[in-house]
Amino acid sequence: RFIAKPCAINLGIQDSGPHRAQPNAILEKVFTSITKSPDGKRLEGLSKQLDWDVRKIQRWFRHRRNQDKPTTLTKFCESMWRFTFYFSIFFYGIRFLWTAPWFWDTRQCWYNYPFQPLTSRLYYYYILELAFYWSLMFSQFTDIKRKDFLIMFVHHLATIGLITFSYMNNMVRVGTLVLCLHDASDFLLEAAKLANYAKYQRLCDAFFMLFGVVFIVTRLGIYPFWILNTTLFESWELIGPYPSWWLFNGLLVTLQVLHVIWSYLIIRTASKALVRGKVSKDDRSDVESSSEEEDVTSNSTKGIFSTSSNGSNRLNGHVAGGQWTGE
């Protein structure tokens, strides 16, 4: 309200939503009481009842669905808040871990376990991360439902479970490594979305490409060969298969499966970007296309980043469109 909104206004972002559908009592009743996406048979019936062309009715329903979506200004403010948190917590974690012995030698995570001291800096690092992921868990149910809702739900559950479980079992050393590694790419994604909302397309594409490289290196390279290696093999060697070993590593492996899925989506979007010269349409769009040519196929052309009728877009988890967009 006091920082992000003034920044957005200075960048020329207007607080205006998508094109609003013209008032129509019959279509509004169908939209609110029956369906927001009528099938062909219902469209034909409404066409005869209103004496409207079927494509005009499809366009009305698309506009009606889009007008409930947040404005570009709202999305800019949300992304700026997330960027601020991810950026701050990542560099806090790096500064804290740089002097930690287990950052350079992961075997230190298990020496003298579980009798390892919990410092105040480590404690606040954990509490801040846990509070933030709980906020994401709750806001997911009130935010726009996207195609990767289930994946993000599982991700938040696994993350909260890991943070809580590792804290209760004093596995905070390896836990800080997991947290810092995951924060390394997230602020770059939010920076890309901010650039997109401000219509700096080249900067947006550059941030996204950098995000993709960092994401893949950290999640498909460092995470399995650094984190999973110490939790699966070094812990087994140094302290043996403790009772919660299977659950702890099961949650970590679940995260790795999600990393593979997201990496595939990122690589696919990046490939399209190289061909088309800019980041292509998002596969998990929350705002439908406003072009009349896409009336019939709008549902099948949604992507990871998308564009609304006023040029805005949304990404909760990962990837973008001729404009952008989770999560």
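Note: Cβ is positioned from N, Cα and C throughout, glycine not excepted.
The domain 'Homeobox' annotation in TrEMBL covers 27-71.
The predicted model assigns the DNA-binding region (29-72) a mean pLDDT of 81. The feature DNA-binding region is assigned by TrEMBL to 29-72.
For 74-275, the entry in TrEMBL reads domain 'TLC'.
Sequence annotations record features per position, and here TrEMBL assigns transmembrane segment to 83-103 (among others).
Annotation source TrEMBL lists transmembrane segment at 123-142 (among others).
Here TrEMBL flags 207-226 (among others) as transmembrane segment. Non-local neighbours of the transmembrane segment (207-226) in the same chain are 106, 177-178, 181-182, 184-185, 188-189, 191-192, 195, 255-256, 259-260, 262-263, 266-267, 269-270, 273, 279, 318-320, 324; each lies 6+ residues outside the stretch with a CB under 8 Å from one of its CB atoms.
The transmembrane segment feature in TrEMBL is assigned to 246-267 (among others).
According to TrEMBL, the region 'Disordered' annotation covers 283-327.
The compositional bias 'Polar residues' annotation in TrEMBL covers 301-315.
Counting only same-chain residues 6+ beyond the ends of the transmembrane segment (83-103), those with a CB under 8 A from a CB of the stretch are 109, 121-122, 125, 128-129, 132, 173-174, 176-177, 179-180, 183-184, 186-187, 190-191, 194.
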